[in-house]
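Enquirer: Residues annotated as substrate binding site in TrEMBL: Asn29, Trp30, Lys31, Gly189, Ser228, Gly249, Gly250. Residues or ranges marked as active site, electrophile in TrEMBL: His113. Annotation source TrEMBL lists active site, proton acceptor at Glu183.
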Amino acid sequence: MQITIDSPDATISCPVNLAAPRARMVVANWKMFGNLALCRESLPRLAAAAMESVELVVCPPAPYLGEVGRLASSSGVHYGAQDVAEVTHGARTGEWSADMLAELGCRYAIVGHSERRDRHRECNQTVAVKAAMCIAAGVIPIVCVGETMSDRESGQTEVVLAEQLKAILQLMKKNAMFVLAYEPVWAIGTGLAATPEMAQDVHAFLRRQLALFSSAWAESVTILYGGSVKADNAASLFAMPDIDGGLVGGASLNVNDLLSIYKAAHI
Ligand SMILES: O=C[C@H](O)COP(=O)(O)O
C-alpha cells in the first residue's frame with residue numbers, strides 16, 4: 001500500500017511501513033553549538049556508554065554530520081539532522097533532503113523544532129510534509145510539538161498540541177514509525193523545566209490523541225520530553241509512565257552531563 005503526498009514542490013510516496021516497538025531514547029540536539037573538537041571528544045565516550053536498551057542519538061550541526069557518522073560507525077550511537085527540506089531536490093540553497101540524510105547514514109531528523117517554527121515561520125503543514133519526506137526516505141522523523149507560555153496561560157495547551165499533531169498524522173502513512181517530542185516553548189533553554197507531573201499529563205494527552213488515529217501508534221510511538229532537561233531532573237522526568245526519554249539541548253554539549261542524563265533513562 002502507498003500513500004501519495006502533494007507538497008508545494010513535489011509529489012512523493014511512502015512505500016514502507018516503518019512500524020516498530022516503542023523505544024526509550026535520549027537525543028542530543030547540539031543546535032548551532034559545538035565544533036570538531038566536541039565531536040572527537042564526545043563520540044568515543046558516548047560510543048563506549050551506548051547500550052541497546054536505550055537509544056543514544058546525536059544531532060550535531062549539519063557540517064559535522066559526516067564526522068559524527070564516521071566516529072559513530074560500528075558503535076551503538078545513532079545520529080541525525082536538526083532539520084530537512086520539504087522537497088526531494090531543487091534550487092534550495094542551504095537546504096538538504098531526506099534522501100541525502102539517508103545516504104549519510106542518518107537514522108533520525110528533527111522536524112518542527114520551535115526554533116524553526118518561530119524563526120523560519122514553519123507552519124504545521126510544512127512540518128507535516130517534512131516528516132513525510134523523512135519517512136519516504138527511511139529516516140525517522142523526531143517531530144516536535146509544544147505550546148508557548150501564552151498558550152498555557154490562556155488554557156490553550158491541548159488545543160495547540162492537538163492541532164500540531166493532527167496536521168502530522170493526517171499526512172503520515174498510518175502506523176509509520178516516528179518519534180514525538182513534547183517541548184514546551186517556555187521550558188526551552190530557560191532552566192524552567194516542566195515538572196514531571198505536568199509533562200506526564202501532556203504526554204498522556206498526546207498518547208490519547210495518537211489513539212484517535214491508531215491504537216498501534218498510541219502504544220508504539222516514543223514520546224520524548226524536551227525543555228531544560230538536566231542531569232539533576234532527568235531521572236524524575238523519565239520515571240513517568242508516558243515519558244520515554246528526552247530531547248536535550250544545552251546539557252547535551254557537556255558529555256558528562258549527557259551521559260548522566262542517558263543513564264537516568266535506564267529504568
Ligand atoms: O531540542 C532541544 C530542546 O530545545 C531543549 O533545549 P534545552 O535542553 O537547552 O532546554
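Every residue gets a Cβ built from N, Cα and C, even glycine.
TrEMBL entries are annotated by machine, without manual review.
Keep in mind that this is a model prediction, so the values were computed, not measured.
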Enquirer: Within 10 Å of its Cβ, which one of these binding-site residues (Asn29, Ser228) has the largest number of other Cβ atoms?
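Expert: Buried the deepest by this measure is Asn29.
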Enquirer: Out of Asn29, Trp30, Lys31, which binding-site residues lie by ligand 1, with a C-beta less than 6 Å from some atom of it?
Expert: Asn29
Enquirer: For the binding-site residues Gly189, Gly249, work out the Cβ neighbour count at 10 Å and name the residue with the minimum.
Expert: Gly189
Enquirer: Which are the residues of the chain, Asn29, Trp30, Lys31, Gly189, Ser228, Gly249, Gly250 excluded, whose CB is within 8 A of where the CB atoms of the substrate site average out, their centroid?
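Expert: Same chain, not in Asn29, Trp30, Lys31, Gly189, Ser228, Gly249, Gly250, Cβ within 8 Å: Phe33, Ile188, Val248, Ala251, Ser252, Leu253.
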Enquirer: Of Asn29, Gly189, Gly249, which binding-site residues come within 10 Å of Glu183 (active site, proton acceptor), going by C-alpha to C-alpha distance?
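Expert: Correct set: empty; none qualify.
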Enquirer: Please classify the secondary structure at Asn29 (substrate binding site) using three-state DSSP.
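Expert: For Asn29 (substrate binding site) - judged by DSSP and reduced to three states - the answer is strand.
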Enquirer: Give the residue from the recorded positions Lys31, His113 that has the most other Cβ atoms within 10 Å of its Cβ, counting over every protein chain displayed.
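Expert: Output for this query is His113.
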Enquirer: What are the sequence-distant neighbours of Trp30 (substrate binding site), meaning same chain, six or more residues apart, C-beta distance under 8 angstroms?
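Expert: Expected: Leu38, Val58, Cys59, Pro60, Pro61, Gln82, Gly249, Ser252, Leu253.
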Enquirer: Pop the Cα-Cα gap between His113 (active site, electrophile) and Ser228 (substrate binding site) into the table, whole Å please.
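Expert: A Cα-Cα distance of 14 Å.
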Enquirer: Return only the integer: C-alpha distance in Å from Gly189 (substrate binding site) to His113 (active site, electrophile).
Expert: 13
Enquirer: How far apart, in angstrom, are the most distant Cα atoms among the substrate-binding residues Asn29, Trp30, Lys31, Gly189, Ser228, Gly249, Gly250?
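Expert: Overall maximum Cα spacing for these binding residues reaches 14 Å.
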Enquirer: How far is it from His113 (active site, electrophile) to Asn29 (substrate binding site), counting Cα to Cα, in Å?
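Expert: Between the Cα atoms of His113 (active site, electrophile) and Asn29 (substrate binding site), the distance comes to 10 Å.
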